[in-house]
Structure formats: C-alpha cells, structure tokens
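One structure below.
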C-alpha cells in the first residue's frame with residue numbers, strides 16, 4: 001500500500017472506529033428501549049408503539065427528500081474542486097425544502113393517524129396507534145432536520161457531530177426517557193403515547209446542536225469566499241436536484257424496506273404479531289449502525305475518489321470498509337442465529353417463539369454486510385437512477401413475498417419477505433458496480449474476515465450448542481472459545497484485515513491547525529487542493545448525475 005493509500009485508510013480508521021464505538025452505544029440503547037417497551041407495555045400496546053415509530057421514521061425519510069446523500073456529496077465535491085463560494089448556496093438548496101416538507105408531513109401524519117390505525121389496529125383499541133402516532137408527528141421536523149444537518153457536516157469531513165449527537169446523545173436520551181417512564185409505570189399505568197414522546201423528544205435538541213455544528217464547520221471552510229454569480233447558483237441548484245432527485249425516491253424506498261415490514265405485519269397479522277416480529281429483528285439494528293458508522297467515514301472520501309476518476313483508490317476504500325464491516329458484524333449475526341432462545345428470552349415469554357424469524361433475518365444480514373455499502377458506492381459513482389430501480393425492485397419483492405407469506409406464516413413470512421428484498425437490494429447493485437465501475441468488495445480483508453467469523457462464531461457455537469444446548473451455558477462456552485479463536489485469528493490475519501491503519505487511533509500530538517476530525521490541512525497538503533484547473537479536472541473526471 002502506498003503512503004497516500006495508507007494515510008487514507010488510517011483516516012477512515014479514525015472516523016470509522018469513532019462511529020463504531022458510538023454505534024455500539026446506540027445499538028445498546030435501541031435494544032434497551034425495545035426491552036423496556038416489550039416488557040412494560042405487553043404485545044398489543046408494544047405493537048402499536050412499533051407500528052407508530054415505523055410510520056414516523058418512514059415519514060421522516062420522505063421529508064428528507066433524498067438530501068442526505070446530496071448533502072455529503074456536493075460539499076465534498078465543491079471542496080475538492082476548490083469552489084467554497086458555493087457551499088452556502090448548496091446548504092440552502094438542500095435544507096430549506098427539508099424543513100418545509102417536514103412541517104407539511106407532520107400535519108399529514110397527525111390528520112392521517114386514525115386512517116392508519118384502522119388498517120393496523122384491527123381487533124384492538126385504535127388509540128394504541130393513534131395516540132403514539134400523533135405524539136410522534138410533533139417531532140417529525142426534528143427527525144428530518146437532524147439527519148440532514150448531520151449529513152451536511154459529514155460533507156465537510158466532520159464526523160464527530162454524527163458520533164456524539166446521532167450515535168451517543170440521542171439514543172442515550174431516548175433510553176433515559178423511556179426508562180424513566182418504565183419506572184413510573186411500576187406505580188401507575190403509563191399510556192403508550194407517553195412512551196412515544198419520551199422516544200422522539202430528543203430529536204429536537206439534537207437538531208439544534210447539529211445546526212450549531214454545521215454553522216461552525218461551514219464558517220471555517222467558506223470564510224472569505226467571494227459570492228458566486230447567479231448562473232453558477234442556478235447550475236448548482238439544477239445539478240443538486242438532478243443528482244438528488246432520483247435519490248429522493250430511492251431513499252424513501254430504501255427506508256420503506258426497513259420499516260414497512262412492521263406495518264405490513266400489523267395490517268395482515270395484528271399488533272401482537274408485529275411486536276413479536278419487531279422484537280425478533282431488533283438485533284439487526286446493531287449491524288445497521290455498524291454499517292452506518294463505517295459508511296459515514298468512507299462516504300466523503302469515496303465521493304472525492306470517484307469524482308476524480310480514481311478507481312483504484314475507490315476500490316481500496318470499498319474493500320477495506322467491507323472487511324471491517326464483516327469482521328465487526330458477522331459474529332453477532334451468527335451468535336444470535338445459533339442462540340436465538342437466549343436472545344428472545346430477554347424480552348419475555350411472549351416472544352419466545354421467534355427463533356425461525358431470527359434465523360432468516362440473520363442469514364439475510366450476513367449477505368447484506370458481505371456486500372458492503374454497495375448502494376452508496378453506486379450512488380457516489382453518479383448512478384442514482386440505478387439505485388432507484390434497484391430499491392423499487394427490492395420493495396416489490398418485500399411486498400409480494402410478505403403479502404403471500406404473512407397470512408400463512410405470520411412473522412416468519414415477514415422475515416422471508418425482508419430476506420428476499422435484502423437479496424435483491426444487494427446483489428443487483430453489486431453486479432452493476434462491477435459492470436460499470438469495475439470494483440467489488442471481495443478483497444483479502446473481506447474474505448479473511450468472513451472465513452474467520454464463520455469458523456470462530458459459526459462452527460464453534462454450533463459445536464457448543466450441540467454439546468451444552470442452546471441455553472446460557474452453551475452461549476458462555478461459545479463466547480469463550482469463539483472469542484479466543486477470533487482474537488488469535490484476527491492477529492494472525494492482521495495484514496489482510498488492515499489493522500496497521502488502527503495505529504492512527506493512538507493519541508498523538510498535532511502541529512498546526514486541525515479540523516474537528518483532525519488533520520485536514522495535512523490531508524490537503526498530501527492530496528493537493530485543486531484550484532480552478534482542479535475543478536476542471538473533477539468535471540472531466542466524470543461523475544455522472546444519473
């Protein structure tokens with residue numbers, strides 16, 4: 001690996017490790033909230049809570065208008081092209097429509113709550129859905145703006161706000177709020193809408209803090225820039241939405257893949273079945289947060305590499321990130337699949353029959369993480385319309401399989417539908433990325449991580465379960481033996497896995513000015529910040545918007 005490539009990987013390691021640590025805390029908080037809701041509300045009320053939060057999150061995805069990717073891509077591209085004067089206009093172009101859309105959708109969510117309850121709460125009190133959904137609607141602008149504002153900070157390579165606010169502060173506040181209600185419920189009944197308020201309330205202070213962080217990094221990057229002329233502003237707005245328009249639809253469909261399954265189960269199987277499905281699949285959040293943690297560190301650098309036509313650098317980033325993603329997530333998925341009774345027992349006897357759901361979802365997530373952040377690679381390569389087609393096909397698979405299977409198989413049918421969607425949503429873009437960009441994630445690090453995880457947390461736990469059973473004793477033996485084997489194998493395979501980059505995590509003294517996430521000035525000196533000629537080179541490098 002060349003020195004610039006090693007420095008690039010080290011920078012990703014710093015951002016990715018911080019996001020992974022924050023993601024681990026966020027995942028623990030999310031599981032904690034699920035545990036409190038499942039234990040404190042009972043299956044029907046918990047199903048109403050999960051259905052309402054699914055609809056709320058889906059509405060937030062619509063309100064973002066696909067700007068999350070654009071607000072990373074365009075600031076990164078404008079900075080790489082040496083055009084800081086357009087950064088402010090770029091932010092206004094993306095953020096103002098999000099605020100307006102979020103306000104409108106909040107009203108729509110409030111007014112449409114009874115209609116959604118009529119579909120999902122058949123046979124139950126509609127207030128189990130209407131109450132939490134209307135409580136959540138009040139906080140919809142906070143949800144949409146938080147994610148858009150934090151995405152914009154990542155476009156300036158500021159990873160710390162995302163880690164501290166999105167991965168740590170908000171989940172911790174949610175857990176504290178829901179935990180406080182659970183304690184209060186020991187003395188007197190607490191309505192389900194109060195749990196919704198405790199869960200969504202932290203989005204408002206998080207949005208305000210994110211706005212402050214974005215203002216700070218923007219003033220540093222754009223200070224002293226000459227205001228652009230009107231033709232440049234018009235071109236920017238046109239290019240921003242040409243790139244982000246297809247992604248807006250694709251992002252909503254992508255979010256629907258993650259949330260509509262709960263609503264589908266509630267509509268076809270009832271609120272109790274929806275609660276069982278949501279609880280059984282809660283472990284998936286940990287893997288998704290790990291993926292997000294690594295992705296947000298890679299995304300701006302990947303955008304710059306593809307904008308400049310530097311495919312070897314893009315492939316190195318993609319492969320390194322996928323190897324780390326497999327290494328961090330496969331042990332969890334394999335362990336949960338083998339010891340599903342222990343995992344499900346945490347949430348109470350009402351959810352003990354979800355072992356088949358856990359197995360199907362774990363297999364689907366092994367496939368998804370093995371392909372890495374393939375949809376992001378496709379989007380950063382400018383093929384946003386392809387992403388739209390892929391996600392639409394995946395959602396169609398989810399709805400088709402789910403509609404046919406849920407009435408017969410219940411929560412297992414929903415898991416099969418999601419697994420079909422995951423397969424479509426990963427294998428299609430994987431083939432397209434290889435065909436169009438000639439890059440793929442299956443480097444030495446990915447293969448080493450997959451083989452090591454399969455041995456240490458697949459074969460070893462299976463042997464422990466066969467010998468000691470699928471209870472706590474078997475799990476403890478699997479963790480001890482598998483963990484030791486994983487640590488030893490990780491050390492022996494440290495070369496392919498790229499652990500040398502983790503030296504960047506050691507504390508060190510820095511000289512000269514630094515950015516929030518550190519040493520951007522050194523990075524500029526290493527890469528060379530292009531001036532107008534560099535901007536022309538970026539434009540010739542050919543990131544096609546569509």
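Quick reminder: no glycine exception, Cβ is built from N, Cα and C everywhere.
What TrEMBL annotates here:
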- 20-38: transmembrane segment (TRANSMEM)
- 50-74: transmembrane segment (TRANSMEM)
- 95-116: transmembrane segment (TRANSMEM)
- 136-156: transmembrane segment (TRANSMEM)
- 168-186: transmembrane segment (TRANSMEM)
- 263-285: transmembrane segment (TRANSMEM)
- 321-344: transmembrane segment (TRANSMEM)
- 356-379: transmembrane segment (TRANSMEM)
- 386-406: transmembrane segment (TRANSMEM)
- 412-434: transmembrane segment (TRANSMEM)
- 446-469: transmembrane segment (TRANSMEM)
- 475-502: transmembrane segment (TRANSMEM)
- 509-546: region 'Disordered' (REGION)
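The list of residues near the transmembrane segment (136-156) in space but at least 6 beyond its ends in sequence, with Cβ under 8 angstroms from a Cβ of it, reads 52-53, 55-57, 59-60, 63-64, 67-69, 71-76, 79, 91, 94-95, 98-99, 101-103, 105-107, 109-110, 113, 162, 165-166, 170, 196, 199-201, 203-204, 206-207, 210-211, 213-214, 217-218, 221, 296, 299-300, 515. Counted as Cβ pairs under 8 Å, contacts with the transmembrane segment (356-379) are highest for 263-285 among 263-285, 386-406, 475-502.
Of the Cβ pairs linking the transmembrane segment (321-344) with the transmembrane segment (263-285) and spaced 6 or more residues apart, 3 or more are under 8 Å, so the two regions touch. In this chain, the transmembrane segment (386-406) lies in contact with the transmembrane segment (263-285); the count of Cβ pairs under 8 Å, excluding pairs fewer than 6 apart in sequence, is at least 3. Scored by C-beta pairs under 8 angstroms, the transmembrane segment (168-186) has its highest count with 20-38, from the stretches 20-38, 386-406, 446-469, 475-502.
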